[in-house]
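Q: Feature table excerpt (TrEMBL):
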REGION    1-30  region 'Disordered'
TRANSMEM  39-57  transmembrane segment
TRANSMEM  77-95  transmembrane segment
TRANSMEM  104-125  transmembrane segment
TRANSMEM  158-177  transmembrane segment
TRANSMEM  189-209  transmembrane segment
TRANSMEM  215-239  transmembrane segment
TRANSMEM  260-281  transmembrane segment
TRANSMEM  287-307  transmembrane segment
């Protein structure tokens, strides 16, 4: 037995560093950074599925399809809707895309998407199942509005959001200035994205403070449409620059590019269709077309992040090719 022990020890001592490293990597869990990126991407998928499931449960309960997913803010789905959108925003800010435009677009999208939940869509109370029993009111139940009872919630939540956003932008600005002072300036695309984020914050703040009525009426739509437009741009970047072999081990570079292209085209068409339908009929439609367009967009969003999770399962952070 002692001989066997010595033999094993001798064999271990003879192992090369590369073999020991490979064995250690195989036996141990993934590095913390890689696990973090995996969790963030899986979380983005989970947030989409959580929202779809919450909406599905409510539809099964009341037996009526809402005019839009956004309208479920005025239903028991509200917590899931707002919570999942804030979670998506945090994850998009945390995930690092390709340096430059992709990473910047993800950050700006992450800034916008919480507003989709914090500022509810104007709603026609007469169109909500049981709307007459809700503790909210509009001047005319047949005309869309953000109920006056909800306005203090919006004022509080958006104020807090903008103040924290300002602190975050100041921190980002300090980091950018320090990096430039040290001769390690950020890429031009990243600096442009920061400038866009600052401009977006300034515009949103001015709109919120100086045009509260129009902010309540249109901020939800503006945030949602811009968010999906930014996501289409991110999908398009991935369609052009999917990771080359050997990293994509499942479909290959061409397969990922084609999949991203299909998602991007479908998502772009859905955004345009949703905008046209909303401008034409709003949420008050006998056939809830806006709802189904939102469902398609949510499914495409989920499909994109599933692909991202699979493609980058072993490398975590996306690198510039």
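Along the chain as shown, residues are numbered 1 onward.
Every residue gets a Cβ built from N, Cα and C, even glycine.
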Q: Can you work out which residues elsewhere in the same chain, 6+ from the ends of the transmembrane segment (287-307), have a Cβ less than 8 Å from its Cβ atoms?
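A: Hits for the transmembrane segment (287-307): 41, 44-45, 48-49, 51-52, 65-70, 228, 231, 235, 256, 259-260, 263, 266-267, 270-271, 273-274, 277-278, 281.
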Q: Apart from its near flanks, which chain residues at least 6 from the ends of the transmembrane segment (104-125) lie with a Cβ under 8 angstroms of it?
A: 67-68, 70-71, 73-74, 81-86, 88-93, 95, 97, 131-132, 134, 136-138, 141-147, 150, 154, 157-158, 161, 165, 189-190, 192-194, 196-197, 200-201, 204, 215-217, 219-221, 223-224, 226-227, 230-231, 233-234, 237, 283-284
